[in-house]
Amino acid sequence: MSKKVHKIGVLTSGGDSPGMNAAIRAVVRTGLYHNMEVFGIMRGYQGMIDDDIVPMHSRSVANIIQRGGTILKTARSKDFYTPEGRKKAYDNLKKHGIDGLVVIGGDGSFRGAQKFSNEFDIPCIGLPGTIDKDIAGSDFTIGFDTAVNTAIEAIDKIRDTADAHDRLFIIEVMGRDAGYIALHSGIATGAEHILIPETKTDIEAVVDSLEEKERRKKLVNMIVVAEGDETGGANEVLSIIKKRLPHLDTRVCILGHIQRGGSPSCLDRLIASRLGYAAVDCLLEGKHNIMIGIMNNKLHFTALDKAVKAKQRISEEWMKIVKILAS
Ligand code: ADP
């Protein structure tokens, strides 16, 4: 049933993540290698609707593998939720002769792609691009490794000043639904407590443990909290601790958007290059409407409608390791 694909469009959609540029570069250069025409679609699905579509050449993606953000820009498109918006997008693709799409984004972008390809005869390939690492069907997502390394760098600096003043720091990292950035950065920086949405947070136990540490004069402590933890963010954690331990010198630091930017790590560049290359291969082979991930170091294909946000289980062992190592 699959037709041969000759002209492909690539877009980045939803939240940006470092490494998206490396993925765009891989899609463009692999497409050109196979004598395809490749188009860059600006600002995600909104660019499809507005006909903001530009031909891409090998030089268009020169000098971007090391850059964060996305040269194609990204957006959230309200219009794409409507059948009229998607029809307009389809008409614009047809106008350019685009017969295959590579969508780099999160699960929302995949839902859009799935809907679009159900309505029109445009095969779509999704590549997981999100700093949260919370997509079913992939051990990695483009951007996670960089974000977590940015968090580590910042938390290490905070520990220096915390140590100088004997302070307790509560550091909030990104992760509305997933605690992977908090878990990995917390373990890697020796945080005393890590609060994540995947596990039940016993804030009273955290306070008890801080009291116990105070008794043995351990005053420098770091709590890393994911923004989506059920206790709330760093400010909510602070207000609970302040009530019970008002005398502690406590500070809050919310890392915020620095976690999204910056030059992608080696791992993110490799993943993005591998997935971008594979996306074009899949379109050529007639594999349609799938997300390509990596599991156990092998490419792994998931139907777009199954490539949803997934709360991955955090192993009990990790939480035990955190407790033992940060005593
Ligand atoms: P992410 O891809 O990072 O999860 P969003 O959830 O914001 O980000 O999705 C990105 C875009 O994908 C949305 O702005 C919208 O244009 C499109 N999209 C998401 N869900 C749907 C849907 N159910 N139908 C049509 N388009 C959708």
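Quick reminder: no glycine exception, Cβ is built from N, Cα and C everywhere.
TrEMBL labels come from automatic prediction, so no person has curated them.
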Same ADP site per TrEMBL - residue from Arg76, Arg159, Arg251, Arg260 joining Arg25, Ala26, Val27, Val28, Arg29, Gly190, Ala191, Glu192, Arg216, Lys218, Leu219, Val220: Arg159
Same-site residue for substrate (record: TrEMBL; known: Thr130, Ile131, Asp132, Arg167, Met174, Gly175, Arg176, Arg251, His257, Ile258, Gln259, Arg260; options: Glu204, Glu227, Glu285): Glu227
Identity of the ATP-site residue among Gly9, Gly15, Gly179, Gly186 (reference: Arg76, Ser77, Gly106, Asp107, Gly108, Ser109, source: TrEMBL): Gly15
Sequence-ordered binding-site residues from Arg25, Ser109, Met174, Gly190, Arg251, Ile258 with Cβ under 6 Å of an atom of ligand 1: Ser109
Separation of alpha carbons, Val27 (ADP binding site) and Gly108 (ATP binding site) (Å): 21
By Cα-Cα distance, the member of binding-site residues Gly15, Val27, Ser77, Lys218 nearest Thr130 (substrate binding site): Gly15
Extra residues within 8 Å (Cβ to Cβ centroid of Gly15, Arg76, Ser77, Gly106, Asp107, Gly108, Ser109), ATP: Ser13, Gly14, Gly44, Gly105, Gly112
Local confidence of the prediction over the domain 'Phosphofructokinase' (7-283), expressed as mean pLDDT: 96
Close in space, distant in sequence - Gly15 (ATP binding site), Cβ under 8 Å, 6 or more apart: Thr74, Gly105, Gly106, Thr130, Ile131, Arg260
Three-state secondary structure, Arg251 (substrate binding site) (per DSSP): strand
